[in-house]
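K.L.:
I'd like to ask some things about the structure below.
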Amino acid sequence: MKTRALLVAAALVAFTGSAALAESIQHGNLTIKDAWTRATPPKAKGGGAFVTITNNGNEDARLTGAVSNYAKRTEIHEMAVNDGVMKMRKLDEGVVIPAGETLELKPGSYHVMFMGLNQPFKMGEELNVTLEFEKAGPVDVTFPVMKMGAKSGKMHH
Amino acid sequence: MNVAKTIRYGAWAAVAVLVAAVSAVTVMKFVQEDVPQAATVQIGGPFELVDGKGQVFTDKNLNGKPTLMFFGFTYCPDVCPTTLSDMQGWIENLGPKADDLNFVFVSVDPERDTPDVIADYVAAFDTRVVPLTGSVDQVKKVVKDYRVYARKVPLDDGDYTMDHTAAVYMLNGDLDFVGTISYQEPEETALPKIRKLLGS
């Protein structure tokens, strides 16, 4: 009985853990997975979204942009903290994903940037964002909204 | 004196030496870590800003308690929400002791972060964090006095982002700068620093 309860609990944990992450998408030679974003505070005008892209092909790929209806502008940005200073820049040329390599858009690094949010992102919602690639073309990706200030797309800490 | 007693005395003596050595090293480390940068560079000082209700808020409102101060802006997609989330975690972890500290979020982007904007933003994480903004000149003065790096960087269409210091400042009750907690610093090192700040 106890064992069964434990198994059910474990299954639930496993289920909620994985359910938080959108399924991986095959787009040409690209595998797109672990997309997520964060809930934003009221009146916040900026938001970032994150995703992992693996290039399984023999040629370099390039993420050139992103499109959504959630903000005045949706862009690919890079941010970095150097010597204690945070700097963020729009990447006009996008980001290259070398052949056989994985690009992680993640906190403290590359991200999809929403500038001028129309309304806050709420935890539990999902965003639909089109990612644009140089050769593979556009693909729609679902970004589940995690809690405010979340550090990853996984439910558990 | 029998042999057993000699060994026992010897063992206790060894323990005493060890304890003395460990304490000496600990104290030295403590002293080293505590060498305040404020002794050579003046960081901090009195300020006058505006809180989330639009009312004047000065260093006097910190009531002589130690303060954790972060400089950010609400367009910030990453460092600011995660740091506020960290602060919220520290507050929870400290329990009632959190009342002996001030937690302050100062906007480096007063043009967009009006009192109501920054108030809502910060309150979404924890209402114990004080949202502060001010006139462009008021913020400029704090940024200068606190040696904060803050620079407006234009984006397309007249928009802009802010490059800014990402660390949380630790100030003692006399408003002396005693150190920082860096961006993404794990709780395991951040919390002991905060406890030490509380004890100072």
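In case you wondered, yes, glycine gets a Cβ from its N, Cα and C as well.
The Cu cation binding site annotation in TrEMBL covers B:Cys76, B:Cys80, B:His164. Here TrEMBL flags B:Cys76-B:Cys80 as disulfide bond. Residues annotated as domain 'Thioredoxin' in TrEMBL: B:36-200.
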K.L.:
Can you see whether DSSP assigns B:Cys80 (Cu cation binding site) to helix, strand or coil?
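P.N.:
DSSP assigns B:Cys80 (Cu cation binding site) to helix.
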K.L.:
Report, as a single number, how many Cβ atoms besides its own are within 10 Å of the Cβ of B:Cys76 (Cu cation binding site).
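P.N.:
Taking all protein chains shown, B:Cys76 (Cu cation binding site) has 27 Cβ neighbours within 10 Å.
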K.L.:
As a test of the contact definition, list every same-chain residue at least 6 positions from B:Cys80 (Cu cation binding site) whose Cβ is closer than 8 Å to its Cβ.
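P.N.:
Result: B:Phe70, B:Gly72, B:Phe73, B:Thr74, B:Phe105.
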K.L.:
Which secondary structure state does DSSP assign to B:His164 (Cu cation binding site), in the simple three-class scheme?
P.N.:
strand
K.L.:
Please give the average pLDDT for the domain 'Thioredoxin' (B:36-200) in this predicted model.
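P.N.:
Across the residues of the domain 'Thioredoxin' (B:36-200) the model's pLDDT averages 93 on the 0 to 100 scale.
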